[in-house]
Amino acid sequence: MQTSFVALLAVAASLASALPHGGNSYEASLPEPTNLPEPTKLPEPVEGPYKPKPPILPEPIKDNYKPKTPILPEHVEGPYKPKLPEPTTGDPKNNTLPVPTCVDGKIKTHKVKSGESLTTIAEKYDTGICNIAKLNNLADPNFVDLNQDLQIPTDACEKDNTSCIKPDGTATCVKDGKKDGKDIYSVVSGDTLTSIAQALQITLQSLKDANPGVVPEHLNVGQKLNVPVC
């Protein structure tokens with residue numbers, strides 16, 4: 001019996017030596033304490049009922065307040081004229097606009113037909129009577145021959161209808177009693193009473209008076225007309 005008790009004491013001693021810290025197994029298994037954060041302080045309670053702050057209102061308008069009158073542009077009488085930009089300074093050559101150029105048309109050949117005159121031919125080719133007369137060296141633009149070939153400067157930039165035309169006559173009769181040795185005029189192709197009167201340097205009315213019954217719009221080639229002489 002004594003031997004069993006001694007054996008138990010020996011086992012207990014061996015177990016105690018195997019444990020840390022003198023055999024206190026409970027203390028060895030606990031973790032070390034950690035630092036906890038301090039609790040936040042709550043705001044102190046407000047004594048009495050809650051009173052919100054009053055809103056900030058704009059200042060009241062004074063009794064003598066007068067709003068500013070807007071400044072309007074002065075009324076301009078008459079039509080509206082927009083302001084144009086002033087011309088730039090510097091070299092005047094840089095301020096000039098390009099001048100459009102005009103180029104005359106080609107020269108075409110035209111054979112004179114019955115009833116045509118330089119006036120009708122010039123209108124057909126958009127040119128001037130004197131442009132045609134000068135190119136063809138015509139002494140009198142009022143006279144062209146039937147089937148005559150004319151060089152026509154078409155689409156003339158500067159149409160000349162006056163420099164080669166004789167002024168209207170002011171006399172009522174042909175002096176010396178004759179015109180080229182005759183007092184009878186024979187109508188040629190392209191003639192009109194006006195062109196004949198200009199060639200004779202007499203008024204159109206005096207030529208009409210000398211040829212009663214003649215229709216100016218229907219002259220025939222070879223028709224004889226009386227020339228008033230004095």
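Glycine residues also receive a Cβ, built from the backbone N, Cα and C atoms like all the rest.
Taken straight from Swiss-Prot:
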DOMAIN    108-152  domain 'LysM 1'
REGION    20-102  region 'Disordered'
REGION    30-87  region '5 X 4 AA repeats of L-P-E-P'
REGION    46-87  region '2 X 4 AA repeats of V-E-G-P'
REGION    50-83  region '3 X 4 AA repeats of Y-K-P-K'
REPEAT    36-39  repeat '1-2'
REPEAT    42-45  repeat '1-3'
REPEAT    46-49  repeat '2-1'
REPEAT    50-53  repeat '3-1'
Across the domain 'LysM 1' (108-152), DSSP labelling yields 14 helix, 8 strand, 23 coil
Per-residue pLDDT averaged over the region '2 X 4 AA repeats of V-E-G-P' (46-87) comes to what? 70
Helix, strand, coil residue numbers for the repeat '1-2' (36-39) per DSSP? 0 helix, 0 strand, 4 coil
